[in-house]
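Look at TrEMBL and you will find 91-110, 122-140, 160-185, 206-225 tagged as transmembrane segment.
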Amino acid sequence: MAISSCLCHHQLALKINLLTTVSKHSKSTFALKPINTEFYGIHIGNKLRNQWSFMRGSGAIIIPNESFNLRQKNSKLQASCFANMQLASDAFTLGTAAVLPFYTLMVAAPKSELTKKCMRSSIPYVLLGVLYSYLLYLSWTPDTFRLMFASKYWLPELPGVAKMFSNEMTLASAWIHLLVVDLYAARQVYQDGLENEIETRHSVSLCLLFCPIGILVHAITKALISTFRESKS
């Protein structure tokens, strides 16, 4: 009995000393490694700071890490840019392929009834105009006017226009714009040639690639033929 009583007193003294030592260092902080948590299907990285003591218990502060949200936003932005680039490329190819049959008819069979009927129609210009309007809508930004009219006199400047056309969607809309204007000019040259019985194949071909040169060549051709006819009569 005496031995067991001594052992009990000795263990009680050790517990008291332990509590005294811990009370002097009642607060101890330690950081755990980052943990990953699934919350409603969203993967969030967290940092956990735990404060623990015998007197106050334990408390945890969770600091969310939103790098996943940033990566998700970046991926959506990249997908949107890729879709716009693909749309601009498709519109570029579609517009180019749409005007080629009309040039082919005007050059290969200028006096055919099919060619005359197709060139009198306004459907190609309406369709290309709708496509151009849609591309212009997609490419329009709040800085468009500022880039177009950058000078204090509200006149276009080359650096601003070059920066504006660095966007592929804007470039595609400008290409459709040129295709429509060139085709319209080629039709005017073609119809003028039919009315005045003037050869227009070379002028129409030039309108496809170099529209102002095609119009100039047609004017020269018309003047030369008119002069020749007057001298002959």
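Numbering starts at 1 and runs along the chain as displayed.
Yeah, the Cβs are placed from backbone N, Cα and C, and that goes for glycine too.
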Field: Folded-back contacts onto the transmembrane segment (160-185), same chain, C-beta under 8 angstroms, at least six residues removed
entry: 84-85, 87-89, 91-92, 95-96, 98-99, 102-103, 124-125, 128-129, 131-132, 135-136, 138-139, 144, 146-150, 207-208, 211, 214-215
Field: Beyond the flanks of the transmembrane segment (122-140) by 6 or more, those residues with Cβ under 8 Å of it
entry: 84, 87-88, 91, 94-95, 98-99, 102, 167, 169-170, 172-173, 176-177, 179-180, 183-184
